[in-house]
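Colleague: Sharing a structure below in structure tokens format, with a few things to ask.
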Amino acid sequence: MNSTLESNQTSRPFCLLAINYLETINFCLLEVMIIIFLTVLIISGNIIVIFVFHCAPLLNHHTTSYFIQTMAYADLLVGVSCLVPSLSLLHYPLPLEESLTCQIFGYVVSVLKSVSMTSLACISIDRYIAITKPLTYNTLVTPWRLRICILVIWLYSTLVFLPSFFYWGKPGYHGDVYQWCAESWSTDPYFTFFIVMMLYAPAAFIVCFTYFNIFRICQQHTKEISERRARFSSQSGEAGEVQSSPDKRYAMVLFRITSVFYILWLPYIIYFLLESSAGFSNRTASFLTTWLAISNSFCNCVIYSLSNSVFQKGLKRLSGAVCTSCIKPTTAKDPCPSKSKGPPNGCHV
């Protein structure tokens with residue numbers, strides 16, 4: 001009797017959420033639905049962002065496009081790596097043992113999200129230099145310096161979380177869909193403090209400092225322009241309306257992306273600190289905060305598509321080109337009539 005009970009317990013899948021799974025399919029249905037849903041959204045959304053950036057040259061006008069594309073590639077890799085726990089929950093055999101698989105998965109996702117966090121900090125520095133030093137900006141921020149900066153971002157992110165392989169502790173909860181990660185791999189307060197001081201705290205401080213000064217300077221410029229226009233309009237008898245500068249509008253788009261990033265990551269960071277310092281542990285909170293943070297990899301696509309008019313035009317051109325290629329076999333033989341003025345591939349904006 002005891003042997004049958006033990007075999008039933010071992011046959012039951014490990015589910016982080018405290019919700020019964022379906023006996024007929026024998027896997028954690030809710031976890032699988034959430035992870036697969038986010039995986040599809042993240043992969044498809046970031047592929048679209050990458051294609052639009054390659055098809056819309058005006059998006060590459062800003063140097064921040066280097067960092068935006070870096071984030072898109074990192075988020076795309078996050079979506080691809082999320083296929084690993086999805087296959088595991090669906091009982092597909094993995095090439096490595098569970099302990100090593102969850103360590104590698106947790107490390108990879110931590111590195112990729114560190115790349116996104118560091119890129120957001122670099123974007124805020126770039127915008128701060130553009131507004132505070134507009135005359136020397138082009139000499140300070142050059143394409144080869146940006147490429148070096150992106151290379152440093154990737155190297156730094158890989159090194160920060162590398163001690164997790166040398167028994168320093170768990171770098172995050174991304175691998176907790178595996179039973180070994182959730183039960184046998186614990187966090188260490190010293191390693192958590194190391195991650196906070198090397199990554200979370202500096203990135204948050206840089207973002208707060210730069211955007212506070214960016215909006216303060218933009219507000220001063222707007223006030224000065226409105227006073228000048230009011231003075232000239234009183235002399236000429238014409239009323240003028242002050243519009244926000246392109247730098248301020250673009251800074252607002254980047255500020256929205258940064259704000260959403262930290263809002264979605266804040267519950268995860270709080271839970272990470274609580275378990276590391278106070279020993280608090282809750283499987284449901286671990287799963288929900290982790291995948292809420294990972295969902296940010298899709299939110300960047302939504303924010304950029306809703307806030308940037310050039311991106312919207314590029315997306316329309318890209319969708320038009322795709323639709324044209326789909327309809328082409330059923331239309332006339334000449335797909336490019338002489339009256340069309342745009343480029344044949346429909347990409348450029």
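Every residue gets a Cβ built from N, Cα and C, even glycine.
Annotation comment: TrEMBL describes 45-304 as domain 'G-protein coupled receptors family 1 profile'. The feature transmembrane segment is assigned by TrEMBL to 32-59, 71-92, 104-125, 146-169, 189-214, 253-274, 286-307.
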Colleague: Under 8 angstroms, Cβ to Cβ: which one of 189-214, 253-274, 286-307 has the largest number of such pairs with the transmembrane segment (32-59)?
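Modeller: Per the Cβ count, the answer is 286-307.
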Colleague: Could you tell me the mean pLDDT over the domain 'G-protein coupled receptors family 1 profile' (45-304), as a whole number?
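Modeller: The answer is 80, the mean pLDDT of the model over that range.
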Colleague: Against which stretches of its own chain does the transmembrane segment (189-214) lie, if we need a Cβ under 8 Å and a gap of at least six residues from its ends?
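Modeller: For the transmembrane segment (189-214), the sequence-distant neighbours (Cβ-Cβ under 8 Å, at least 6 residues beyond its ends) are 114, 117-118, 120-121, 124-125, 127-128, 131-132, 160-161, 163-164, 168-171, 251, 255, 258, 262, 269, 272-273, 276-277.
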